[in-house]
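Take a look at the structure set out below.
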Amino acid sequence: MSLSKQPVIVIVGPTAVGKTKTGIELAKKLNGEIISGDSVQVYKQMDIGSAKVTQEEMEGIPHHLLDLVDPDDEMSVARFQTLARTAIDEIAAKGKLPIIVGGTGLYIRAILYDYQFTVQAENKVLREELEQFAQAEGATALHDRLRQLDAKRADEIHPNNIQRVVRAIEVAMSGQTQVSGSEPSLYDSLLFVLHMEDREQLYDRIDQRVDLMIEQGLVAEVDRLVAAGYRDTKAMQAIGYKEIVPVLEGAPLEPAVEQLKRNTRRFAKRQLTWFRHQFDGNWIEMGRLSFEENFKIIYDRTVGFLKAVKSE
């Protein structure tokens, strides 16, 4: 597999900020294909709760890394990295532009940077990096990294127990070696971080999205997954699913929906914190201007970037 300096566009941001629509519009105008950078959308049958793009929303644009595995088949960062890089090569071989769109920052960094994986469950270099990260950013930030990898394990370990959190990350990453943020990307990548300065505006959009999920049949989707035997899988610990399971067991729906909204808002806040620390990109404020105006900014910067890459 080639890791030459292939141009890649990356669109990240918190949930409900407009990544999907932005990516599709960009792909339509620039002959691109989408690679999903989401750790839940890789699972089959988990559509509504993961806000997976629908066939209608795709508008004919090919999407990669959706519906890859069943909910009882765990997706590791290493496996995702391999699949995503293969997709980039395949898209580029067709003369098209790879566009990565998603909110799982760790997965996206693993695609772009020289993360190495070994079969070891313990890795001294990784452990030292994680301990330094905890000292610099705090125990909560470290715990958030574990949550991105293994939400269930994160629930079992107190954030202040740094040693256990570090060890859990080591195990979850199967010896992944971290790189510093100053390392160059393996690709000629242009990265956009979509966000909203007005948190209440973003939170309102999140609440509306959750209400729409309920209308679209989220409870029935979770019911089907539980009936299929997936109740206790790691995938079902994802936000959007774990909150609904108690409803199937007799708990009232309204408090569960409110809990889902709260959890999603907290997750969006953690995503933004992570992006600030881990990504040096173009931050696009999506709340003040119209979508069309914001898209023009993104499109113009992308065209300029591609021209510059071509002239090198």
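Using the three backbone atoms N, Cα and C, a Cβ is placed for every residue, glycine included.
Remember, predicted model here, so these are calculated numbers, not experimental data.
Noted in Swiss-Prot for the protein shown:
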type	residues	note
BINDING	G13, P14, T15, A16, V17, G18, K19, T20	ATP binding site
BINDING	T15, A16, V17, G18, K19, T20	substrate binding site
REGION	38-41	region 'Interaction with substrate tRNA'
SITE	T104	site 'Interaction with substrate tRNA'
SITE	R127	site 'Interaction with substrate tRNA'
REGION	163-167	region 'Interaction with substrate tRNA'
CB contacts for T104 (site 'Interaction with substrate tRNA') [other CB atoms within 10 A, all chains]: 22
Remote residues contacting the region 'Interaction with substrate tRNA' (163-167) - C-beta distance under 8 A, at least 6 residues beyond either end: 127, 130-131, 134, 139, 142-143, 146, 157
Residues close to substrate site centre defined by T15, A16, V17, G18, K19, T20, Cβ within 8 Å: G13, P14, K21, A51, G103, L194, R205
Number of helical, extended and coil residues in the region 'Interaction with substrate tRNA' (38-41), per DSSP: 0 helix, 0 strand, 4 coil
Neighbour count (Cβ, 10 Å) for K19 (ATP binding site): 24
Other same-chain residues whose Cβ falls within 8 Å of the Cβ centroid of G13, P14, T15, A16, V17, G18, K19, T20, the recorded ATP site, in sequence order: G103, L194, M286
Folded-back contacts onto the region 'Interaction with substrate tRNA' (38-41), same chain, C-beta under 8 angstroms, at least six residues removed: 49-50, 52, 65-67, 75, 80, 102-104, 107, 148, 235, 238, 240
Other CB atoms, at most 10 A from the CB of V17 (ATP binding site): 26
Between T15 (ATP binding site) and T104 (site 'Interaction with substrate tRNA'), the C-alpha gap once rounded to whole angstrom: 10
Alpha-carbon distance [R127 (site 'Interaction with substrate tRNA'); G18 (ATP binding site)] in Å: 35
Cβ-based isolation winner (fewest other Cβ atoms within 10 Å) among the binding-site residues P14, G18: G18
Average model confidence [pLDDT] within the region 'Interaction with substrate tRNA' (163-167): 86
Residue among binding-site residues G13, A16, T20 with Cα closest to the Cα of T104 (site 'Interaction with substrate tRNA'): G13
Pairwise CA distance, G13 (ATP binding site) versus R127 (site 'Interaction with substrate tRNA'), rounded so that it is a whole Å: 27
Helix-strand-coil residue split for the region 'Interaction with substrate tRNA' (163-167), DSSP-based: 5 helix, 0 strand, 0 coil
